[in-house]
Amino acid sequence: MVLAVITLIYLISAIRLGPPMRDGNMTASFFPIAIGVVMLLALAAAMAHAIRGSRGVTRAKPAASDDAPAARQYLGLSSGAIGVILLTAGYLLAFDMIGYFVSTFFYVLLLCSLFGGGFTKGLVSRIIAAVVITLAGYLLFEIIFQVRLPTLWSQ
Amino acid sequence: MDSISGLLGGFAALANPETLLYMIGGFLIGTFFGAVPGLTSVLAIALLLPLTYSLDVTTALVACASIFMAGMCSGSITATTINIPGAPSSMMTALEGYPMQQRGEGAKALGHAALGSMIGGSLGALLLMVMAPLAADVALLIRTPGKFSLIAFALIVIIIAQRGSVTKGMIATLLGLMVATIGIDVVQPLARFTFGSSVLIQGIDMMPLIIGTFAISELLIQADSRSDRTVDPSKIQAAKVRRRDFIPPFSEVREIGMMRYLKSAVIGYAVGILPGAGGSMAAFVSYAESMRSSKHPERYGKGNPEGIAAAECANNSMCGGAFVPMLTFGIPGDPTTAIVLGVLVINGLQPGPQFMTQQLDLIAPMFASLFVSALILIPLTLYLLGPYFLKIVSIRRDVLYSSIAIVALVGSYVATYSTFQMALALVFGILAYFLRKQNYPSVCLLLGFVLGPSLEEYCRRSLSISDGNPLIFVTSPDSLFFLALTLVFFYFMVIRKPKTRLPQAEASET
């Protein structure tokens, strides 16, 4: 459904670029309009296929959904994935504002806690890991590959 | 003669200590990423891509080639020892390797896998060196309408190669094509789909798309797992191996036969040339053919070294074949070669028919790296590190994925020194996460994005040559050839599907 909405926005924008053909030649809108139309057809086919499939499953196994508890999902995202997205979005904001060192240290520390299953378990080893990964990243990018990373003082 | 001396010069370039260091380093990284379940050599090369901004192009290509080769063979380590293929291309190896492991012959199975990889990888690299210049000569004959039909052929084959999910492959490819149209039009100076944002005028860079699709989406998927380590430590104790057991007995190698190795290498190479096929398809086709032609097909699925040799020989030989369309036509057929194309584009190089002759000094070391990685580094790594493989790949997930996140995100920053690229990588990561969760092949997204601009450009140029008459695509012989080839592939891959029965399928039915 999300893809269908994106495709519709894309198709409307493509149509607003102008007519697809002018003087017998393709214009800048021809290709996007063609892609948009084919995409909508493909999405309709996928949806029809999914509906047919779900009907078949319901007929064959009416009580299949009771077998195992599904992981909690929010808008199709698992709680772990949401955690990674929020941490990464925060990191991107902090990266420019407070520089590489501070932002990376806290990002790695929080990410380690997320992947390690909690904030209290093995906190010391995670702090050490965060320091080592931050320094290793600095060594790799700034020293070896000479990439100028933002610092707190360069803002 | 010039090309022979150029190719030999590639081997000489490996003598440079820095280049050699990157080749060995790349091989070890590729081995690690290929062996850890969930990680792939594609991810390793994707993480290397940002570093190529600061790296010499030859060195970067050498590292990419060794990662590619290592990633193909190292998936067999966990496939054999704990029945979890480290890479999708090692699924057929798991069918034979794990039963051997259960019989106490795990080390021997790894030895057969390494031998097959060594033979297949080196033959594939040799075939690449011989065939690529010939393919380049053929490529010179293809004109604009033919180029359009060739790219259309590549995209259609990539879609229909997605067994059981052709519609999803098509949607992912079209999504890639849509993303590729953002920015300045390929023919006219007109901005498209920028939605008033000046940062989108230049279009979407390949880097955030690759990092997002392969690195960030992997982080999001792995965030669901609750285990502390990549491989359960209790399984390591059960899978102890000794160094001397790695050498396969000569009697078994003779029983497998040189012809089987050669045939598997040729199959793998040919599958590699096909767009979208990849190592899994090469291993599958070769394994199926090996079983069909075997004197003892009943032994397959019960720990038969023949099956391991056929699968591993083919998936490593595929590495050589995959480079042919990318180098001669500028058409990558799989994610690895698409990223290697990115390395070339970042350095201002555009592959095409004359690329092999004009830039041989730059790419010959990459060929040499493929060959040396297969012939020397595969057996050497197994012998030296084999007993410790499982300990190496069983590392803390929090440390591993945090490190990947930093390399991926800071790597995205390298291209333009802007956090916008990092944000784009996150956006593409979320998109790829949803696609992967719904079983959409994310590789189609990447290949659609890479091939999209050329497809549009050649289509529009062809039609402007013919005053808008689409019949130019059937009246031009080269174009007609590729359209006919598309129909042939469609017939064999969609209408008349292969019906080989494999042990896994048979087992699941009983």
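Residue 1 is the first one shown; counting continues down the chain.
Keep in mind that glycine also has a Cβ here, set from the backbone N, Cα and C atoms.
In TrEMBL, annotation is done automatically, which means it is predicted and not curated.
Taken from TrEMBL, the feature domain 'DUF112' covers B:20-447. Residues or ranges marked as transmembrane segment by TrEMBL: B:20-48, B:60-82, B:109-132, B:144-162, B:169-187, B:199-221, B:266-288, B:362-385, B:406-434, B:471-494.
Within the chain carrying the transmembrane segment (B:362-385), a Cβ under 8 angstroms from the stretch's Cβ atoms is held by residues 6-7, 9-11, 13-14, 19, 23-24, 26-28, 31, 57-58, 61-66, 68-70, 73, 110-111, 114-115, 117-118, 120-122, 124-126, 128-129, 243, 246, 316, 319-320, 323, 327, 349, 355-356, 392, all 6 or more beyond its ends. Of the recorded ranges B:60-82, B:144-162, B:169-187, B:406-434, B:471-494, the transmembrane segment (B:266-288) has the largest number of C-beta contacts under 8 angstroms with B:144-162.
Comparing B:60-82, B:109-132, B:144-162, B:169-187, B:406-434 for CB pairs under 8 angstroms to the transmembrane segment (B:199-221), the maximum falls on B:406-434. Among B:60-82, B:109-132, B:144-162, B:169-187, B:144-162 has the largest number of CB pairs under 8 A with the transmembrane segment (B:471-494).
Where the transmembrane segment (B:169-187) meets the stretches B:60-82, B:109-132, B:144-162, the count of C-beta pairs under 8 angstroms peaks at B:144-162. Mean pLDDT across the domain 'DUF112' (B:20-447) comes to 86 in this model.
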